[in-house]
Structures are given as C-alpha cells and as structure tokens.
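Here's what Swiss-Prot has on this protein:
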ACT_SITE  H104  active site, proton donor
ACT_SITE  E434  active site, proton acceptor
ACT_SITE  R619  active site, proton donor
BINDING   H86, L87, I88, R114, V136, K137, R138, A139, D140  (6R)-10-formyltetrahydrofolate binding site
REGION    1-304  region 'Formyltransferase ArnAFT'
SITE      D140  site 'Raises pKa of active site His'
Amino acid sequence: MKTVVFAYHDMGCLGIEALLAAGYEISAIFTHTDNPGEKAFYGSVAHLAAERDIPVYAPDNVNHPLWVERIAQLSPEVIFSFYYRHLICDEIFQLAPAGAFNLHGSLLPKYRGRAPLNWVLVNGETETGVTLHRMVKRADAGAIVAQLRVAIAPDDIAITLHHKLCHAARQLLEQTLPAIKHGNILEIAQRENEATCFGRRTPDDSFLEWHKPASVLHNMVRAVADPWPGAFSYVGNQKFTVWSSRVHPHASKAQPGSVISVAPLLIACGDGALEIVTGQAGDGITMQGSQLAQMLGLVQGSRLNSQPACTARRRTRVLILGVNGFIGNHLTERLLREDHYEVYGLDIGSDAISRFLNHPHFHFVEGDISIHSEWIEYHVKKCDVVLPLVAIATPIEYTRNPLRVFELDFEENLRIIRYCVKYRKRIIFPSTSEVYGMCSDKYFDEDHSNLIVGPVNKPRWIYSVSKQLLDRVIWAYGEKEGLQFTLFLPFNWMGPRLDNLNAARIGSSRAITQLILNLVEGSPIKLIDGGKQKRCFTDIRDGIEALYHIIENAGNRCDGEIINIGNPENEASIEELGEMLLASFEKHPLRHHFPPFAGFRVVESSCYYGKGYQDVEHRKPSIRNAHRCLDWEPKIDMQETIDETLDFFLRTVDLTDKPS
C-alpha cells in the first residue's frame, strides 16, 4: 500500500519503521530541518530516510500548491503523520483514497494541541497514552482508530514518559497498521464535550511561582526536566534552573520563596515545601542542591523571586482602543478587579469610564484614533496585549454612512494590526457575528459555516465585509509572519451602558436601547419588518468573562483561534424582546414617571434604515470553541439582563419633567 509520511522526532522514526515492517511502500517522507536552538535528543527522520533510500523533503510550507501537486503525483493510497509539527491542509488529506491518519501523544479527546507530554505532567495527571486518529481539518479532532493507555508514575519525568509513550506507540502501530492496510478498522467519533486543548509551551512558561503549592511546582520541574529547558527561578537577577525536586509536607510559616534550609535546599511554597535536589546556576554545570545553595549565596531566610527583581512586579499592560465604549468600559472594570493588569486606554469621550480615572493602574488619554497615530504606535510597542475596539457598529450607520464605516472600521484598524505585526504584540480582535451574514446553518460555526452576504448594491453589508476582511488579514499575518492573535465574535451582547439614549434619539443605537427610548418617551416601539428576526442575546457579564479568559490565555489555548461568544439558549425575536422589555417596564418602581405605552408599530426596513438594507432571519452561535479554549459557557438568563439594562437606563433619565 503506497503511502506518503509526514514525520519528525523519535515518534516519526518509529512510525516509519512500523510502516516498513507492516509492508507499506513509502513514496516520500516530509520532515523538518532541525532547530539549532533546540536540544536534539531524538532520532533524525532525515537520516533514517536516507539510510532506507526513501526520498525526503523539508519544505517551509508543505501546503503550498506546488507541494500539493508533487504529492498528488506520488498517488498515495494512505497518508500518515507522526509528530509532524505543522498542520496539513485538506487538499493533501483528500489525495489519499483511504484517508490520512495521525499519531497523537495523549488519550484524545483530552490534551489536543501541542506538547501533550509536558502538559500532562504539568497538570499532575496519573495516566496518558497514544492515539491514532483520522485526520480532519480541525487539529486532533478526527475519529479515533486506536488508543493505548500509559500509566504515569510519581517519579516519571518528561524523558521517561517520552520513552514510555514511544514504546506504547510502537505496540499500537504494530497492532493497527495491518488493519488499516486491509481496510478493517473501527472508528469511534471523539466526544467533543470532553475535549481539552493546550497550546505550545515556551521556556518562559516554566517560571517557578513560589506562592503555588509544592506539588504544583514539583510537577512543573518533572514536565521540563533535562533535555527540556528546565524550570527556573531567580536569586536577585541570577537565574538558576531546577533539574530535579522532591515535595516536603513541611509546615512552615515562612513566606513562599523563602529558604527554609540549605542542606537540603528546601524552599517554602504556598502549601508545603520543595526540595531542590539538583540544579544549575546560570549556564554552569549541574550540581546537587546544597552545593547550588552555596554557589548562589543562599542562607536560611533568603528569598527567591520567580523572575528578576527588576521585573518581578510588572503587570501585564493591556491597550484598549475604544475604552469608553460598551465592551471597553466593562472590560476595564474586570481587568482592574485583578492586581496584575495595567490598562491604557484611548477614546473620544470618558463618561462611561469616569469611575476609573483615579485608579492607579488605569491610564487614559482622550483622543481620536485617526489623529493620535503616534500615541497609538508608541503604546502598541509599550503594551503586551492590544484590543482595538473602535468601530461603528450600529446598523443604521451601515446604510447612512457606509464610507465612514469603511474608513474607521477597516482602514484605521488595519493600521493598528500592522503595528502589532511590526512590534510582535498579541492582538485580540473583535470580529462580529455579522460576518456570518445570511448563513443558513442552524448554528454558526467558526470553522465550518460559510460567510454569505448580499449584493454590492446593499451597503448594509459594508460593516460585515470590512470585519471579515480584517479577520482574514489577521489570520494571514498569523500564518505568514507569526502574529499572535485571537478573533472573538460577540453575539448581541447587552447590558448597562450599551449605547445611550441620546444616540438612540438619532437612531444610532442597538435594538434594546432604541426600545427603551420608545418606552421612556411614550413613542411606539417600531418592529422592523414585523420584528420576527431572531437573535441570541448575551449578558455583558458573560461576554466579558469570556473575553477576560481570552486575555489570560491559559496554556496559550486561544492563540490562532476564532471564538464565538454568545448564548444560544437566549434566543428571541425582536418582537419577543420588546414584549419582555415592556413587561419589565410595567413592573419597574419608576414606571409612574413615564408616559403610557404607545403600542407596537410594524414598519418596513427600507423606511427605517433606508435604501440598501437587508436583514438576517436568525443568528445562533456554536460555542464549542469557547468551551474548548476557555472552559466557558454563558450563565445569565435573558430576563435578568433585560431587567438590569432597563433599570440602568431608567435611572439615567432626568425625571424632573416627567409625569408622576
């Protein structure tokens, strides 16, 4: 059976050996050039291919059409991937009639993504395994063909677990490859509700934060022990690496990071104590703990830092452009609730953020992003995370001012995206549920749903396509230039401070604010085209909590992801929204200050929005990516959101001239 193989590392070598032993004909092998900065303790796929007289290639981009065509010319019947580090495109999968199969180092659906070997140790797991699964567009999500469990012993470190996994993989392939060859396999779909996903790890992820329990720090040491880069800490500005450790249930009142003793070298933790058995100062040699203490000048009572003293207290700097807006001001409140964020904000007004202006970790400048380009570039360079939230996002403006929508929403934001590329800063970009347009799927899915908009002579779509093109530009920068990004798509977030009643008076607001204005002024609630259009309304608190988790980015799980943030359970038509709002209004303690309800009035969209408008019948999100990447799901019922939003706006109204 002819096959093309994508392989790297020890797993790649043993996968190739297993294929040859099972009688497969390998037409070509695709691998990687070795990274000179990486300690190469593993076997070389390139050397093995050369020894076995098999053509071997290491292209920068195997998904390029030229390489796809070359692979097609090889006419593979089946494709295998063994620890190949790049995603392989659908076009390549489809070249093999029997499909493509990948070997993954975990018990899928747990620990999808990168570095599962290290992550299971970091998280203190007692079991892992290897999985052979069918390859699909989403990484590690295809049906399972075979699995083998591997126990993780308390004394296992990364290299010993690696050897166990290699042994298990060899067994699994010996058992399974003949069945694939004869088309005799049973595939089991993965349970998406059990899936977890982890991102790549870098050496900087292995800081030892002494306020954590000793068991957690010991697991970190195990996960990145030699030949991985090692867990590390600092004495002042002197970095040292911990190669092996032991947990001591030492009851001590010492501050975390304090040296309890130097022989053995025992460090107080948030819970218990960690003995540093072996370690290394700087780029020196490995030595046992008490000698390391002497080398570092440690005595009982010395304090260790998780990072150099000069940066130990630096907060993550978050730049929010459009900080006075609905999302911006609520996000600022959530970030400042923690003690490890510094927020820098720009906007043309400050009414919604006045409560933060005296906060020591909030820095605000009043200005326009189209004018203050130098300030913005400087702060993109200065900050760690950038959220460009400035946009015209009210439907009436799409038909009333389409060019202004394009200039602000697309052109100004493109400049900010390019700053992030230039200075290698992480960008969290607010796309929109509008990008799905007139998609007919029951649930709008980030990875599979088609994005469908109307004809060019319907300017209503200029917002949608401006956002969609920016999404595609960001994605391309991520693929080609390594931009660290996450795209999030809010689905009808609502709550206090959504627009304002003055904006609603000129029609430039979202639906609920417009409806509240109608109730406050005693004017009819206008139902555009009957108000039958359905939306899924999401409480701002749920939305902001998801966005906060994106900023936190635990395990880099959000990198390169597109994430819907919405509440599919809170689906209602605009008419139903109006009825729920009216019922809440009639029960409100301030109701007697306002005019009688003037009823509902059906109006045509062309009369309300003007020429060139089209509406969407439904818009319901799939939130699988939010579950997978954020461990998030919305919790707040729509009625509670309506009640709180209405209460907020009614209490902003000057009641002196209202009837009583």
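Even glycines carry a Cβ here, placed using N, Cα and C.
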Chain-internal residues, separated by at least six, CB under 8 A from R138 ((6R)-10-formyltetrahydrofolate binding site): D447
Recorded positions listed as D140, E434, least Cβ neighbours within 10 Å: D140
Between E434 (active site, proton acceptor) and D140 ((6R)-10-formyltetrahydrofolate binding site), the C-alpha gap once rounded to whole angstrom: 29
H86 ((6R)-10-formyltetrahydrofolate binding site) in three-state DSSP notation: coil
Other CB atoms within 10 A, centred on I88 ((6R)-10-formyltetrahydrofolate binding site): 21
Rounded to the nearest Å - Cα separation of H104 (active site, proton donor) and V136 ((6R)-10-formyltetrahydrofolate binding site): 13
Proximal but sequence-remote residues of the same chain as R619 (active site, proton donor) (Cβ under 8 Å, at least 6 apart): S433, Y436, F444, F491, N492, K534, R535, C536
Sparsest Cβ surroundings (other CB atoms within 10 Å) among the recorded positions H86, H104: H86
Binding residues H86, L87, I88, R114, V136, K137, R138, A139, D140 ((6R)-10-formyltetrahydrofolate) - maximum C-alpha distance in whole Å: 16
Overall pLDDT of the region 'Formyltransferase ArnAFT' (1-304), taken as the mean: 94
Neighbouring C-beta atoms (10 Å sphere around the C-beta of V136 ((6R)-10-formyltetrahydrofolate binding site)): 16
